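> Per TrEMBL, the features are:
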type	residues	note
DOMAIN	41-328	domain 'Protein kinase'
BINDING	Lys69	ATP binding site
REGION	334-380	region 'Disordered'
COMPBIAS	337-355	compositional bias 'Polar residues'
COMPBIAS	365-380	compositional bias 'Polar residues'
Amino acid sequence: MLHFTSDRFWKRITRRQNLVSALLSTYYFSMEQIEAATEGFDPANKIGEGGFGSVYKGLLEDGTRVAVKQLSSQSSQGNREFLNEVGMISALEHPNLVKLFGCCIDGNQLLLVYEYMENNSLGRALFGHEGNRLKLDWSTRYAICLGVAKGLAYLHEESVFRIVHRDIKATNILLDKNLNPKISDFGLAKLYEKEHTHISTRVAGTVGYMAPEYATRGYLTDKADVYSYGVVVLEVVSGKKNADETFLHLLDLAFLLLEEGRLIELVDPSLNLDYPQEEALRLLNVALLCCNSSPTLRPAMSTVARMLTGEIDVPIPTKDASVNDDWITGALKKLSSDSQPKNGQLHNSPGVSEISQRDDENVAFHTSTSESLSDVSRAS
């Protein structure tokens, strides 16, 4: 018992040292550099707006295009988000994670400097205003889903920290000039130790993407991200939002079609059947495996990536118990209507996702708290 406690103690010390090292190694920009890059925060360079500040595009002296995200140090949420972003992203390196170039602290302003993402977010590409949507062909959609899976596998299993993102959704997946996906917005992320079965924590995230055990009980594991990923994949394949004011959840419809042997009908009709059916069904089946109501039955993200590359077979999912047959008629009627959401415009920046995803579609209520990155940093 003493040996076990000692091991846990030294793991905690090592983790804190890694966090402090990450914070100290982050490049620091002066306010003069930031103002020069954004031309004095010229309104013409403003590319995003959120609950905790604004986002500006900028150009560094060496010609590098950046996105500058403002957070207020007077806001406790702003402070937590700043510490999470700097402490986590600066220690991570993966082609499917957004790159943080550095930060700046000036008075009450906290500034984060990211790589600039030319094609904004996956959310805007799929559901944005008509002029902002992108025509994504099947191969691009499949590549996006695979890239996000690899990024999450890195966070959960391969990085120096084991991280649960907690807010995986289409607007938090950014697209570069070649439409490669990059996971962004680590403001809600949590460190996760494998020797713990789960974390009990304050619930924060986006309704419709949160795993049921997390949304209802604050029970958090990396499988919560797996669930959210499954919902995003359904959106990518179908071209439909996971829920809107006139429709039930896309996930419920998917399980209904699975039960009726018509899952392929969920594929976006705008693709005009220009996709391999076998590949489409593979992706849809993987999504439904990820959305199993039991976290222990969801695959690990590394397994998901291997399923998508064809390295391992994809089991056929079964109907989820959460599907309610009372609304079957309405679901089938909605399926025949391919209308997109009317209010689809998203205010994401091409360099970083919305500053605050904690709007009226999000929830944040208290259960029990756990050690967050900011707690660890203070304890250091």
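Glycine is treated like the rest: Cβ placed from N, Cα and C.
How about a rundown of where these features are and what they're close to?
In the three-state DSSP classification, Lys69 (ATP binding site) falls within a strand.
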> With every protein chain in view, what's the tally of Cβ atoms within 10 Å of the Cβ of Lys69 (ATP binding site), excluding that atom itself?
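If we count other Cβ atoms within 10 Å of Lys69 (ATP binding site), we arrive at 31.
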